[in-house]
């Protein structure tokens, strides 16, 4: 059930990138998509159990797998930085193309 | 050796930030770094056995360096050095050199790693650095071209991440070897990411616009090495897991034909070279065993061609045919064109013959057609008038001599190729290509539409390739 929701999120983001005309909306759709991907990593990590694997008095419970969570942290940081960089680029473009329609920008800027 | 490897991977990032702190030393530091990489690669050829490092146990970073990555790293070092020499007397700021070296380092990391997550990090860092280099002139067009590149590569890498976690679920590690036990959908998602990033087949059609609209040194860098960061993992996977070898070969043949088809009809020098990169990537993938040597020759020759194309008086072939270009530039252009069409005495010849020997029977005809197309498209350069005046940048000759010297020296790697039967075939191909060019294509005015290169279509094509790969993967693995 959760897995289906996550795939729906990824697909929503992907179709948003194609169908939305505005450049900022496209970037937000990309963010939705990457949120879905991150959630999928968390879901995979929690297959074994939900407990945090740290040393404590609790014995023999089902632990969550720390590896995918640790790995996805890198992807979150990279995704965030790319988002920031793209928004800066869009701000620069917005001075000459206030509507930010991607078709228009593309028409003006290809030979 | 393992300490040297780790230090060498970390060094470019360190040097990149030092350049930013000491702007006076920018180009010297950058050049030293590029030559350090080339030296390291030469050292790899002396090692017989591959070196595998596992940092932080099974879940952590796995690095593998052997002769295959040696070829790729050598390409990276030489092309970066040439680009720095080309920019030596220009007014580029320290920021440019810092980004260049960080790009160099991230691509080095991609050539050394053997697990999916460190590959992801290396590819994304190279994407960001490449975006900053493309957008360096700060004009609207360069920003849009860069944004498009970043957007497409990031979406592709998101699919790749989903594939990576599916591999982890099946194998409990992120190493490439886990692809063997992974479900077909993991294979499809990972391949989509790498194909798009590497500019292969239809999903690689973002490449021509990006490479042709960026500045001369940047496009030399992009075409010479950055796309190879996406291709290298495919070659590595094909060698490590033989189940994926046929898929890689199919995409190799497809992209070789597609790229050359566009290149033959193209009327713009830089776009022609960019389409040609697409086709040459196909040659690398078509015979993964010898892909390394092909990548080396292609990287050297393509960056030399981009630098020379930047020195020509116009970008339009129609105008160039009426405008004489300086004889020294023409000679350099002809040497590079000969190498890429596979003329003996240049290493393009050895690479072509080596690739032809390692093809499977069903690939042979298609690859010969692609080689003929190469000869046709480069006849456009060879038959240009000469004798005019030239005003080139001061660093131009140093860069071009370094690259072409590398091409000639790389011949000795595979000197036993010089037999009569081997030499006749490329000469015949080139001859037929020139004939076809002079008779038909010199006067053709057909202009191919650019519909497929629009942004929305590029993203849409990704989903089509995904479906194709799913279907292929299911059929292949017999599920």
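Cβ atoms are placed via backbone N, Cα and C, with glycine included.
All annotation found in TrEMBL is predicted automatically rather than curated by experts.
Record features, source TrEMBL:
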- B:115-376: domain 'NADH:quinone oxidoreductase/Mrp antiporter transmembrane' (DOMAIN)
- B:6-23: transmembrane segment (TRANSMEM)
- B:28-46: transmembrane segment (TRANSMEM)
- B:68-87: transmembrane segment (TRANSMEM)
- B:117-137: transmembrane segment (TRANSMEM)
- B:149-168: transmembrane segment (TRANSMEM)
- B:188-209: transmembrane segment (TRANSMEM)
- B:272-294: transmembrane segment (TRANSMEM)
- B:329-350: transmembrane segment (TRANSMEM)
- B:362-383: transmembrane segment (TRANSMEM)
- B:395-415: transmembrane segment (TRANSMEM)
- B:427-446: transmembrane segment (TRANSMEM)
- B:458-477: transmembrane segment (TRANSMEM)
**OP:** Could you tell me what the rest of the chain brings near the transmembrane segment (B:329-350), counting residues at least six beyond its ends with Cβ under 8 Å?
**Re:** 276, 280, 293, 296-298, 300-302, 304-305, 308, 311-312, 371, 374-375, 378, 381-382, 384, 386, 390, 392, 400, 403-404, 407-411, 413-414, 417-418, 423, 426-427, 429-430, 433
**OP:** Quickly jot the same-chain residues contacting the transmembrane segment (B:395-415) by Cβ under 8 Å, restricted to those at least six beyond its ends, or write none.
**Re:** 78-79, 81-83, 85-90, 293, 296-297, 300-301, 303-304, 307-308, 311, 332, 335-336, 339, 345-350, 353-354
Original post:
For the transmembrane segment (B:362-383), what are the same-chain contacts with Cβ under 8 Å, counting residues 6+ beyond its ends?
Top reply: 249, 252-253, 256-257, 260-261, 263-264, 266, 269, 272, 276, 279, 282-283, 286, 317, 333-334, 337-338, 340-342, 352, 355-356, 426, 429-430, 432-434, 436-438, 441-442
Original post:
When you scan the chain for residues with a C-beta under 8 Å from the transmembrane segment (B:117-137), skipping those not six or more beyond its ends, what do you find?
Top reply: 61-63, 95-96, 99-100, 102-103, 106-107, 109-110, 143, 145-147, 149-150, 153-154, 157, 160-161, 164, 174, 197, 210, 214-215, 218, 221-222, 226, 229-230, 233
Original post:
Sequence-remote contacts (6 or more beyond its ends) of the transmembrane segment (B:272-294), Cβ cut-off under 8 Å?
Top reply: 67-72, 198-200, 204-205, 207-212, 219, 223, 227-228, 231, 234-235, 238-239, 245, 248-249, 251-260, 262-263, 266, 302, 305-306, 309, 317, 340, 347, 350-352, 354-355, 357-359, 363, 367, 370, 373-374, 377, 380, 410, 413-414
**OP:** Test the contact criterion for the transmembrane segment (B:188-209) and the transmembrane segment (B:427-446): 3 or more CB pairs under 8 Å, pairs 6 or more apart in sequence, then answer yes or no.
**Re:** no
**OP:** Report, as numbers and ranges, which residues of the same chain sit near the transmembrane segment (B:149-168): CB under 8 Å and 6 or more residues beyond its ends.
**Re:** 116-117, 120, 123-124, 127-128, 130-131, 134, 174, 178-179, 182-183, 185-194, 196-197, 203, 206, 210, 455, 458-459, 462, 466
